[in-house]
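A.B. asks: My questions will all concern the structure given below.
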Amino acid sequence: MPRALPGSNVGGGGFLDYDTGKLGEALRAAKGGGRWQRWRWGPARRFREAVRLRLPLALLRIPPSARLAAPLPPASGNVSHRPGVAAARARNRRAMSEAGGGRGCGSSVPQRAPWSLVAATAAFCLVSATSVWTAGAAPMSREERQKLGNQVLEMFDHAYGNYMEHAYPADELMPLTCRGRVRGQEPSRGDVDDALGKFSLTLIDSLDTLVVLNKTKEFEDAVRKVLRDVNLDNDVVVSVFETNIRVLGGLLGGHSLAIMLKEKGEYMQWYNDELLQMAKQLGYKLLPAFNTTSGLPYPRINLKFGIRKPEARTGTETDTCTACAGTLILEFAALSRFTGATIFEEYARKALDFLWEKRQRSSNLVGVTINIHTGDWVRKDSGVGAGIDSYYEYLLKAYVLLGDDSFLERFNTHYDAIMRYISQPPLLLDVHIHKPMLNARTWMDALLAFFPGLQVLKGDIRPAIETHEMLYQVIKKHNFLPEAFTTDFRVHWAQHPLRPEFAESTYFLYKATGDPYYLEVGKTLIENLNKYARVPCGFAAMKDVRTGSHEDRMDSFFLAEMFKYLYLLFADKEDIIFDIEDYIFTTEAHLLPLWLSTTNQSISKKNTTSEYTELDDSNFDWTCPNTQILFPNDPLYAQSIREPLKNVVDKSCPRGIIRVEESFRSGAKPPLRARDFMATNPEHLEILKKMGVSLIHLKDGRVQLVQHAIQAASSIDAEDGLRFMQEMIELSSQQQKEQQLPPRAVQIVSHPFFGRVVLTAGPAQFGLDLSKHKETRGFVASSKPYNGCSELTNPEAVMGKIALIQRGQCMFAEKARNIQNAGAIGGIVIDDNEGSSSDTAPLFQMAGDGKDTDDIKIPMLFLFSKEGSIILDAIREYEEVEVLLSDKAKDRAAILKGKMIPSYIINSNPEMENEEQPSSENDSQSAEQITSSSQEVDLVDQESPEESSLNSQPESLSPADMDNAASVSPSEQISNPMENHETTSLDGECTDLDNQLQEQSETEEDSNPNVSWGKKVQPIDSILADWNEDIEAFEMMEKDEL
């Protein structure tokens, strides 16, 4: 979902209305090169009362309460409603008076200085730095900003007007067909429809946007419509998360601005907290979702029937996303503070407490999905995008709104982990919570675009600028930000539902830097929306950003957020009818007043952060600002950060031609290319290290590459590393697309196995293709050296046989060439990673060496360690082991054709003697399975591999066993038509085998006169029937592999 951040000064970016004398004094002090002393946040309550915005974002400008020249403006409305704000203004005025007008930016602040003095000084210094930047660049003219602001107003009117005309009271507008989207009347879109509850969603979500855009008359009319038409008691299952941030947040935001307008005395004089009463009603409807042992809410609830009742049609879910459970505290706490009903804040706090306790302790990261009953992580990947994003956002904002230090401690702990593991500037890549050095995926989703804005709130400007610029380059390539894109900036998911997160971050970066570049970014967003998304009945989501095709969809968050941020980006302070710095933005950009922090504070704080560890000072370099870090005395600071990234989306990374030529003239080697890389080459590994690329060996034997640009020896090496990673991703993707081969089979056909043991084998992308050629059959022999990486020293041992070689030390193709030159007819590579198994590891394909492999003519298969040990154990015990290499396991009729079968094979299933005859239906099934010559198998016999290798030895047969070994009479063979059909189908193939069986039985009868041979010899098809279950198991396993 869209994310939003707290409000800020909406001035045009000048800050030049402050006292120039003080400003000049501060600038002169800043040029002196002094630095602020590092210090952490102190008690949140005192700090919030000292600075009106009560958070680092406030320190990026001088709030009205800290202005040095202008008189303190009177509080708008009844001051009794805003005791926290009034107290902050009084304390700050007194502190600035005692300080004699402020300090220079180069001065150090005493560690225990009064919070009000520290805050005001920090704010003034940062404004000074921003003013330097503004003076050093050509700002957008006021006329152009007003023109763009008016354009945003017109765009909102187009979207909102068409919703009211064509869709209301439906939840959303379908802009292509000019009608409303009503739940149940349109084809289901899955989870997306969980936001729709037949409660005029778009109207409620747009309430406070109307006030921000100075449309107070329309706001009053909209509130009347909500009170008159909206029903919250519908029999519909909705998302708890979406309903909270859109509907509950919308009602609370509307209530906040309604009472503000009422205090002003012109509008809403009739209003008597009706929206708040609706919000309270909705809050109670959501509370049953928290009825779990963990305190985490169910993901969905029925507005009318709640949870678990038969008519509710919900309550059976076990999982929820982290953001879904952790994005409730602002709305629920505000509802408690507005109404005095503490239960809402208590439930939201409990959910946050549980998530904190379940974080992965070694990495301090949280997963994407969690079991709401057990607290176990279901999806163990972690990032800052979909599924987790607003959890981090609400931790920091909960500290701002509620004054609980533990929320800030938790956020700082998570932020440290994010910057340590997930942030790979300018990328933000998901990792595994248990192995945070391993990337969980190679693509990013559009929801992470909110994170630069959150970093501004944190005060960490540099990575915010870097990530924002990377995202902007993607937008310039595709006009919009795709729902997901790869690390080499190709489209992964092509949709774009008009998400506002990037506009949000653009707004906050502009307010933090004053850089007019971000006004130009906003202008680009406006132009793209009008050019590509605007349709006659509103704005349509993009179905594919590559083709420009539309989707009949205009989500409510488009009106709730996009137009707010775009308008605020270009608006001057006088364009807003209220002071937006008195409010904090929720993740849906709804406005909650900051004076709630001192209202109805009867909540007992039970969420004291446990096991909080003091983090390294570097994590807090930007928490309380250091002007040398945030804004060095360089007017081109932000531009200098963006410049290296301006071509990052292009196919090749930016590289100065002069630098490249100079590096070659100096004798340096050309950069390592992915196609030339060999993991066993020490020189290549040293080059990777220089480029900041780490090589990680996984348990299944694979190798993973991870790059951290900050670990590179130089910026040029970092560029080489990024290009190398992109080439490697493309090479791997190309290989996967070229050949997606099914598993192969290694079948042990020699005594005493006779095809009963079938091993799943990985194919090779080179050599003889077993799916197009006849299977290869031969005895196996170990090569020397065992790794097969050099010329074999025992060619006579592998001549005409299938060579066994160990994985590692060189490329697979090199091993194949060496055994082929020694005369081997095939090769089996056995994994050197002890304990690996096809049961637990994905199918492994042996890739070529990037060169021409047409010279390899023999088949090559790969066995994991567990399967390979079965063959090795068989060699140690029986010396001569014959195997069949094929694309599919062969039925035993084909394997044993013309072979003598010992009696213990016939007697391999003595339990069958006392079992009833199978039904004709089963017989028919068995016959079809046996006669089929294309059965697909990839697993061993029902016996475990150990049992197969140890218990398949010949044993002396007792007379009873001999009886079991005897076959049925001819009359019995004919009694079952299906059995007769079986015998007929195999008769041509098994004549020699039947004759041998008869000769063998006659010989044994002569040698043992005590044995009764009243029963005739059992035909081969009956023997094969004993192995039908094996075949079925093989088929099932191959389907699983595929």
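Note that the numbers count up from 1, one per residue, in the order the chain is shown.
For all residues, glycine too, the Cβ spot is worked out from N, Cα and C.
No curator has checked TrEMBL annotations; they are predicted automatically.
Copying in the features that TrEMBL gives for the protein in this structure:
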- Glu242: active site, proton donor (ACT_SITE)
- Glu483: active site, proton donor (ACT_SITE)
- Thr587: Ca(2+) binding site (BINDING)
- 783-869: domain 'PA' (DOMAIN)
- 919-936: compositional bias 'Polar residues' (COMPBIAS)
- 947-956: compositional bias 'Polar residues' (COMPBIAS)
- 966-978: compositional bias 'Polar residues' (COMPBIAS)
A.B. asks: Using DSSP, how many residues of the domain 'PA' (783-869) fall into helix, strand and coil, respectively?
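C.D. replies: Final tally across the stretch: 19 helix, 15 strand, 53 coil.
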A.B. asks: Do me a favour and check the Cα-Cα span between Thr587 (Ca(2+) binding site) and Glu242 (active site, proton donor); whole Å is fine.
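C.D. replies: Rounded to the nearest whole number, the Cα-Cα distance is 11 Å.
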A.B. asks: Return the residues near Glu483 (active site, proton donor), defined as same-chain residues 6+ apart in sequence whose C-beta is under 8 angstroms from its C-beta, sorted by sequence, else 'none'.
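C.D. replies: Looking at Cβ-Cβ distances below 8 Å from Glu483 (active site, proton donor), excluding near sequence neighbours, one finds Asp445, Ala446, His492, Trp493, Ala494, Gln495, His496, Pro497.
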A.B. asks: Including all protein chains shown, what's the count of other C-beta atoms within 10 A of the C-beta of Thr587 (Ca(2+) binding site)?
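C.D. replies: The answer is 30.
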A.B. asks: What is the average pLDDT across the domain 'PA' (783-869)?
C.D. replies: 88
A.B. asks: Inside 10 Å of the Cβ of Glu242 (active site, proton donor), count up the other Cβ atoms and send me the figure.
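C.D. replies: Glu242 (active site, proton donor) is surrounded by 23 other Cβ atoms within 10 Å.
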